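In what follows, a structure is listed as structure tokens, so that the remarks can point back to it.
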Amino acid sequence: MGRLRKDYQDELRLFNSQEFYVLNPNQYKGLWNQQIFKNNNNIEIEVGTGKGTFIFNKALKNKNINFIAIDKYPTILAKLLNKLESCSETLTNIKIISIDAKNINDIFDKSEISKIYLNFVDPWPKTHHEKFRLTNSFYLNLFLPLLKQDGLIEFKTDNLNFFNYSLSVARENSFCLTFATKNLYSSAHAKDNIQTEYERKWSNRGYKINKLVIKNNISQ
């Protein structure tokens with residue numbers, strides 16, 4: 001057998017990581033706290049985790065919250081695993097799953113999540129790609145029922161057109177907008193902001209970061 005490419009090696013290491021990677025996550029729908037985290041802490045998820053800098057730092061700074069990193073691509077999630085395995089302390093409040101966001105209802109029950117982060121997800125700028133945008137009406141209506149009452153969706157992007165599109169979708173659907181800005185670092189949310197790797201790179205080059213927050217104000 002020839003040597004596996006590094007990407008495949010990373011994926012295999014991720015899949016074999018019983019400490020952080022959750023295989024067959026649909027088995028735990030409605031049972032994440034009971035069977036996986038074994039506590040009653042709030043659960044926050046990041047959809048489109050990428051290299052995982054954001055959720056890694058969130059988990060490191062908030063031990064009383066359970067975090068789940070979600071991405072479609074295992075190879076990318078392996079980079080988060082590297083961070084977790086090289087951390088000087090073992091984090092028990094973070095797990096990794098690899099699924100397509102459109103199947104998220106198979107993984108979580110209604111009102112199971114406290115917060116959903118959408119950080120610098122692909123804007124899919126072409127009109128005929130709108131169906132792939134994670135802030136279109138299909139996805140937002142998919143995400144909101146997973147939230148507890150008053151749970152939040154937090155969305156950040158450096159793409160102004162994508163931000164304006166997402167803002168329009170929220171308003172057209174009469175979602176409860178609690179915060180919106182075209183300059184995050186000049187806002188009240190700047191103090192508690194945790195950057196992604198992408199965000200740090202482009203904000204250092206002078207790009208403004210846009211953010212909006214949607215609240216689930218409908219009781220389940």
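Positions of Cβ are set from backbone N, Cα and C atoms, glycine also.
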Exercise. In Swiss-Prot, the S-adenosyl-L-methionine site includes E46, D100, D122. Which of D71, D150 does it also list there?
Worked result: D71
For this session: Report the candidate from D10, D106, D158 that shares the substrate site with K126, T196, E197, Y198, E199, as recorded in Swiss-Prot.
Result: D158
Problem set entry | Proximal residue to E46 (S-adenosyl-L-methionine binding site) among recorded positions D122, D158, T196, E197, Y198 (C-alpha distance) | T196
For this session: Name the one residue among D122, D158, T196, E197, Y198 whose Cα is closest in three-dimensional space to that of D71 (S-adenosyl-L-methionine binding site); these are the recorded positions.
Result: D122
Exercise. Which residues does E197 (substrate binding site) neighbour through Cβ under 8 Å, counting only same-chain ones at least six apart?
Worked result: G50, K51, T53
Problem set entry | D122 (active site) and Y198 (substrate binding site), Cα-Cα, nearest whole angstrom | 12
